[in-house]
Amino acid sequence: MASSSKLVLVMCFMISAFGIAIGNTLDQEFEITWGDGRAKILNNGDLLTLSLDKISGSGFQSKNEYLFGKIDMQLKLVSGNSAGTVTAYYLSSQGPTHDEIDFEFLGNLSGDPYTLHTNVFSQGKGNREQQFHLWFDPTADFHTYSITWNPQRIIFYVDGTPIREYKNSESMGVSYPKNQPMRIYSSLWNADDWATRGGLVKTAWSQAPFSASYRNFSANACISSSSSSCNSNTTTSTSNSWLNEELDNTSQERLKWVQKNYMVYNYCTDSKRFPQGFPADCVQNN
């Protein structure tokens, strides 16, 4: 077994008992945390919806915490004039030195593209934004948004296509999310002070309530405080492939295609933001 796999298994064992989770129904995996009835779990736990009106948005979080894994969820975003709204879907620990791995979907005027915002936080430090437009209408149907998180890299996928790879740069003195188990969070909220064209376009409350939908969750991951351990006795060559997942040549070409045609912002090329030089992790992640 590769050294990175051994590292994960040792860490899983040291922190607590860990197990592999493959998606159950959404009511088994998640709990609604806010929204005063605006979030709903429907269809015997197979569908979860969030809604936003002028009074409040809504949100949910996972019942489990995860330390490394492959996370998949299908989302259908707010349709029509979604300007000012943000649908956030992310992994995060808690506290001032938290780790976080973000998908945020920034709404737009009808007919204009959503902006998919990604970021990675480690030890409370983020500012590692990359943003994309999508090559399809994310409001017309469900699409799969995935995160692979292992000790070497974090890979963001859309419908199985990699859009971003963030590599571990600890050798350059850059911290990396590896010690703090994280929950999954999602929320639909109003951010019209910044979300669409820097806040120039405001939320059209006449179109409310706004709604986003979720289904087909799967987590092939180490689960904190599980009754079983994440070790070679409970994983198979298929189930723990994420431990050493990296992009092959075909996936690298698909990543380049996305970044050439659909990337609209990259912190590693923003010289105005970093006039004294780009962050150290840009050496591996540009």
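Glycine is no exception: its Cβ is also placed from the backbone N, Cα and C atoms.
Bear in mind that TrEMBL entries carry predicted annotations, made automatically and left uncurated.
Noted in TrEMBL for the protein shown:
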ACT_SITE  Glu104  active site, proton donor
DOMAIN    1-214  domain 'GH16'
CARBOHYD  Asn108  N-linked glycosylation site
SIGNAL    1-23  signal peptide
Cβ-Cβ neighbours of Asn108 (N-linked glycosylation site) (radius 10 Å): 21
Same chain, 6+ residues apart, C-beta under 8 Å of the C-beta of Glu104 (active site, proton donor), given in sequence order: Val86, Thr87, Ala88, Tyr89, Tyr90, Leu116, His117, Thr118, Asn119
